[in-house]
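Down below is the structure, laid out as structure tokens.
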Amino acid sequence: MDFRELDALKCNMEQFPPLTKGQFEAIKREKKIEHVWSSNALEGGTLDKYETAAILEIGATIHATPVKEILETLDLGKAFDFVYELALGQVPLNEEIIQKINQLVTIKSADKVELAGMYRLNAAYPYGVVGVHYTDPYLIRQEMANLIYWAQEIAPTLHPVEYAALLHQKFVSIHPFTDGNGRTARLLMEFALTSNGFPITNIQPDKKTRQIYMETLANTQRTGDTEPFVALVANYVKEELEMRIRILELNEKNIREAKSKTTS
């Protein structure tokens, strides 16, 4: 797959004057809220973005919302912060980190909290998806070791967006944990992107986007052809880069106008 368009957009994004710390933090805040909302919604959560923000920022409880959804929101918010700091610190990925991510994702919201971050002992199958199965429990440790070897030795030869997509896909195909695998996979994708200077890229949970995402991922697992899923993730990243560039263009325009007013 040709990633030159993404590289050109990333290069363009990096040419603009940097945002102020306040502007940067505002975007990070927005992207965190969007990630928590969208990732939970992809798993069937019913909270909207504004309710998610209220829970994350002021600890609000939403009337008639199941406690489990509120706890899932709080858990995922903490996991997002953890992953973001790891990415900024360029921390190499390992099994312990993945287990810690899943533990944070499910520590308060899992049906059995003692299983948070622990590899499952039971067989697991994707609900309603024919022809796809997850790794057998007795093979999980070996497959996770293989995943880490791939991430440390093979992935550096790949384009960062391809790495992010394949990390997501490979992890989901193992499905090592009892709960929170989808949310953990999307955090791993964010980790790979952010570590390599790409913006936080969230998968939207509207019906059409969710269906395409789920079907493409399932087909990749069914056929072994990863290119359609890589292309889908690349398109998500392209849209995010284009949006960031529009923000930076507006910021640059605002700076020019402010300067012209002070000199006139």
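Start at 1 and count along the chain as shown; that gives each residue its number.
Yeah, the Cβs are placed from backbone N, Cα and C, and that goes for glycine too.
Pulled from TrEMBL, these are the features on record:
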type	residues	note
ACT_SITE	His175	active site
BINDING	Asp179, Gly180, Asn181, Gly182, Arg183, Thr184, Ala185, Arg186	ATP binding site
DOMAIN	93-235	domain 'Fido'
SITE	Glu43	site 'Important for autoinhibition of adenylyltransferase activity'
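What TrEMBL annotates, mapped onto the structure for a quick look.
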{"residue": "Glu43", "record": "site 'Important for autoinhibition of adenylyltransferase activity'", "DSSP (3 states)": "coil"}
{"residue": "His175", "record": "active site", "DSSP (3 states)": "coil"}
{"residue": "Gly180", "record": "ATP binding site", "DSSP (3 states)": "coil"}
{"residue": "Ala185", "record": "ATP binding site", "DSSP (3 states)": "helix"}
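Within its own chain, Ala185 (ATP binding site) has His168, Phe171, Val172 as residues 6 or more apart in sequence whose C-beta sits under 8 angstroms from its own. In sequence order, Asn102, Val105, Thr106, Ala110, Ala116 constitute the residues six or more apart from Gly180 (ATP binding site) in its chain with CB-CB distances below 8 Å. Sequence-distant neighbours of Glu43 (site 'Important for autoinhibition of adenylyltransferase activity') (same chain, 6+ residues apart, CB-CB distance under 8 A): Gly182, Arg183. DSSP states for the domain 'Fido' (93-235), grouped as helix (H, G, I), strand (E, B) and coil, give 92 helix, 2 strand, 49 coil. Taking the recorded positions His175, Arg183, Arg186 in turn, the residue surrounded by the fewest other Cβ atoms inside 10 Å of its Cβ turns out to be His175. Taking only the Cα positions, the spacing between Thr184 (ATP binding site) and the residue listed as 'active site' is 10 angstrom. Ranked by how many other Cβ atoms sit within 10 Å of their Cβ, the binding-site residues Asn181, Thr184 place Asn181 at the bottom. His175 (active site) sits 6 Å from Asn181 (ATP binding site), taking the Cα positions as reference.
Highlighted in sequence order, Ser39, Glu43, Asn102, Val105, Val172, Phe177, Leu187 have their Cβ within 8 Å of the centre of the Cβ atoms of Asp179, Gly180, Asn181, Gly182, Arg183, Thr184, Ala185, Arg186, the residues recorded for ATP, and are not part of that set.
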